[in-house]
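Student: Before I ask anything, here is the structure I am working with.
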Amino acid sequence: MNSAEWIAKADKYVMKTYGRYPLVPVRGEGCRLWDADGKEYLDFLAGVAVNNLGHCHPKVVAALQQQAATLIHCSNYYNIPQQIELAELLCSHSFADKAFFCNSGAEANEAAIKLARKYSREKYGENRYEIITAAESFHGRTMATVSATGQEKVQKFFDPLLHGFRHVPFDDVPALKAAISPNTCAVMLEPIQGEGGVNVPSPGYFQAVRQICDEHNLLFIFDEVQVGMGRTGKLFAHEHFGVTPDIMTLAKALAGGAPIGTMLARDEVAVAFSPGTHGSTFGGNPLVTAAAVATVRTILEEGILNRTEEIGDYLLGELEALKGKYPFITEVRGIGLMIGMGLAFPAGDIVKKGLERGVLLNVTHDTVLRFVPPLVVTKQEIDRMIVILDGILAEITP
Ligand code: PMP
């Protein structure tokens, strides 16, 4: 079947939850994808920051193949060695002592919300349940994470929302201080807002948040679902800001494209989850954790982090050069390979033209082009994308 036939069938049978671009990818390798008509694309979206090692990285593929032929699923037992090794790898490279595994970013944030409430209630009293999150944040599509999310368009039609979330402007210390009540138990933030438009906070913001949390006995939760796993040139994005959280969530890129989520915490906090308090049938299954172990090892052992920093600077420089050329580009911002280009108008048409010309771009928050290619992207691939983007921008008469 060709792409048009697949799209017609999808329109008939698949619920239309996403605004999908008309692309039917059937094969991927590194930064390249091929559609059902055999057309090749340069991928600067990577499944929204998922395929950090590129499509079908040989080590991830080998881990999945080997594990699939050995044991795929088993719940309620010790999943050795994959889940345990993954927990050790993540804890030994972060502030955390313990890991909980689930299947998505939303689920990881659900776990963080539940853990923060249980820990705080047990320690400080029944009324400690409120969580402060940021305006324009995105934390997922389940009811608790929709309630935590700071975007009305995500919440519309789904009320009543879960009680106990307060939203404050991102990067605003006085607003955060003012939102604290005797009921507050935690502050949950993305180190760089992804769906909010690639928003990088000012230097010192997270240190101030950490201090406020310490003064008021609040837990500091980082949602690293989009920016973790090397995307910014450090394994976890919060490392750029010189602070450590009490809880961190990861998903997307953790298992090289296979579905996974995890919530990590310091021991003192983690013990609030005792047997019977939380869980998920497929969480930490051997198949996905084998892929994640291969992914984390590859990121750590193959110089991916340093490379990301270097190639990210190169991409940022090239995009800044375009900003010098086109006055309707308002800003270029980001760290590593998490980069946003603000435009003076909605960016949807640019993405459509990119698709026609064989490059996958992405728009977030209407007016921001988001560049999140696989971390293995080469300078040549960046150059090719820039030529195509330059051509598209040159046709715009705002
Ligand atoms: N948190 C952040 C910061 C995200 O960007 C996303 C997904 N865009 C999520 C949570 C939700 O992850 P998932 O789609 O895997 O549930």
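Note: Cβ is positioned from N, Cα and C throughout, glycine not excepted.
Feature table excerpt (TrEMBL):
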type	residues	note
BINDING	G105, A106, F138, D223, E224, V225, Q226, T281	pyridoxal 5'-phosphate binding site
BINDING	R141, S280	N(2)-acetyl-L-ornithine binding site
MOD_RES	K252	N6-(pyridoxal phosphate)lysine
Student: Do you see any of the recorded positions R141, K252, S280 whose C-alpha is within 10 Å of Q226 (pyridoxal 5'-phosphate binding site), and which ones?
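Tutor: Within 10 Å Cα-Cα: K252.
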Student: Can you tell me which of these binding-site residues sit near ligand 1, meaning the Cβ is under 6 Å from at least one of its atoms: E224, S280, T281?
Tutor: none
Student: Give me the Cα-Cα distance between V225 (pyridoxal 5'-phosphate binding site) and S280 (N(2)-acetyl-L-ornithine binding site), rounded to a whole Å.
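Tutor: Counting only the Cα atoms, the answer is 18 Å.
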Student: What is the biggest Cα to Cα gap, in Å, among G105, A106, F138, D223, E224, V225, Q226, T281, the residues listed as binding pyridoxal 5'-phosphate?
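Tutor: This binding site's residues have a maximal Cα-Cα distance of 25 Å.
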Student: Cα-Cα separation of D223 (pyridoxal 5'-phosphate binding site) and K252 (N6-(pyridoxal phosphate)lysine), in Å?
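Tutor: Rounded to the nearest whole number, the Cα-Cα distance is 11 Å.
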Student: What is the total of other Cβ atoms whose distance to the Cβ of K252 (N6-(pyridoxal phosphate)lysine) is within 10 Å?
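Tutor: There are 28 of them.
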Student: CB neighbours of A106 (pyridoxal 5'-phosphate binding site) within 10 A?
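Tutor: Within a 10 Å radius of the Cβ of A106 (pyridoxal 5'-phosphate binding site) lie 24 other Cβ atoms.
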Student: For the binding-site residues Q226, S280, T281, work out the Cβ neighbour count at 10 Å and name the residue with the minimum.
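Tutor: Lowest Cβ count within 10 Å among the binding-site residues (Q226, S280, T281) is T281.
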Student: Given the binding-site residues G105, R141, D223, which one has the fewest other C-beta atoms within 10 angstroms of its C-beta?
Tutor: R141
Student: What Cα-Cα separation, expressed in whole Å, is found between A106 (pyridoxal 5'-phosphate binding site) and R141 (N(2)-acetyl-L-ornithine binding site)?
Tutor: 6
Student: Here's one to test understanding: among the recorded positions G105, F138, E224, K252, whose C-alpha is closest in space to the C-alpha of S280 (N(2)-acetyl-L-ornithine binding site)?
Tutor: G105
Student: Whole-number Å only: compute the distance from the Cα of T281 (pyridoxal 5'-phosphate binding site) to the Cα of K252 (N6-(pyridoxal phosphate)lysine).
Tutor: 19
